[in-house]
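Annotated in Swiss-Prot:
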- Arg44: NADP(+) binding site (BINDING)
- His121, Phe122, Ser123, Gly278, Lys293, Pro294, Thr295, Pro296, Ser297, Arg320: FMN binding site (BINDING)
Amino acid sequence: MRGRVLSFTLFGESHGKGVGVVITGIPPGIKVSHEELVKELERRKGIPGLSTARSEPDNPIILSGIFRGYTTGTPIAVLFENKDVDSSYYEDIKDKPRPGHADYPARIKYFGYNDYRGGGHFSGRLTVGIVTAGYFAKKILEKYGIRIRAYIKRIGRVEAKQLTLEEILSSENPFCPDEEAFEKMVEEIELARREGDSVGGIVEVVAVNVPPGLGGPYEEDIEADLASAFFRIPAVKGVEFGLGFKVAEKRGSEVNDPYVIRDGKVVTKTNNHGGVLGGITTGMPIIARIAFKPTPSIYLPQRTVDLREMKEVEIKLRGRFDPSIVPRALPVVEGVMAFVLADHLLFRRVWELKSS
């Protein structure tokens, strides 16, 4: 993902020797902690008992860019070794693209040379690198007092109630502040797992204390940058901000956010636009919702084709799959948002220097 100041590149494959990330643009002198990074990575493991049986330690091996606990300003390279890999099953289906996966288009794009085991480079395994990049971005945001919190808004047919910002930010539940809804969400995931199926959902993410003036029109649009970044997360199929698609059923008098003055600051009485107007932050909380499709790997029989025999066949997958990837996506969504906001903040500093 390439920003104006910051960028990161993911490398590796799900069943290769390892995966990782190279991050550029992080300023020197930022204090970081191996323990903090590991704690952030632990969140990616999801709800205990409801995630894949594949157990990777996710121990970050810092190759460069960190010295004596501080960023050096040079590229940060982080490696994660793959320790719990079983590729035997994938040899049986290498010519039979799995429905819902990138197997077929990847085979066409890379002329059949791609690593197909466990999804290869398209696997959710690589999101460990996104969370890592997000950790360093969050360290930048800390200096500005910006906080980001993602939670599960919906799993299948179960949706959390409308929550206040205070409820979202102060909740001790790492997955959803609505405890009653969360219990039903867990039941929904367990039901899908028992039936050999999977279930999708929605993650809502909020960023508070974001200063006004970040972004710009067209190419500098921060909303467009966020949406583009969210869509880079595996399994994302929809993104909306503020009221999102609900604005289509309302009138301008209902959607427009009136300006008021509170504690000497200009704010809006409502936040239907989700903190962005004209591609520029308003100073109000940025609110986005991201829709994730159900895990495409399921245990039920599915129709596909045998590309070698060129005939239609039925497959029944074996392996270790998540009944829902939504709980594991929370730190990934936060990481993506943090990276985009940090990039715009650093770019804004360049503007401020030029105008001073």
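Backbone N, Cα and C define each Cβ position, glycine as well.
Here the features listed in Swiss-Prot are painted onto the structure.
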residue : record               : DSSP (3 states)
Arg44   : NADP(+) binding site : helix
His121  : FMN binding site     : helix
Lys293  : FMN binding site     : coil
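Cα-Cα distance from the residue listed as 'NADP(+) binding site' to His121 (FMN binding site): 18 Å (rounded to the nearest whole number). Of all residue pairs in His121, Phe122, Ser123, Gly278, Lys293, Pro294, Thr295, Pro296, Ser297, Arg320, the annotated binders of FMN, the farthest apart have Cα atoms separated by 44 Å. Sequence-distant neighbours of Thr295 (FMN binding site) (same chain, six or more apart, CB under 8 Å from its CB) are Ser198, Ala235, Phe321, Asp322, Pro323, Ser324, Ile325, listed in sequence order. Annotation for Ser297 (FMN binding site): same-chain Cβ neighbours under 8 Å, separated by at least 6 residues, are Arg98, Gly100, His101, Ser198, Leu317, Gly319, Phe321, Asp322. Ranking the binding-site residues Arg44, Lys293 by the number of CB atoms within 10 A of their own CB puts Arg44 at the top.
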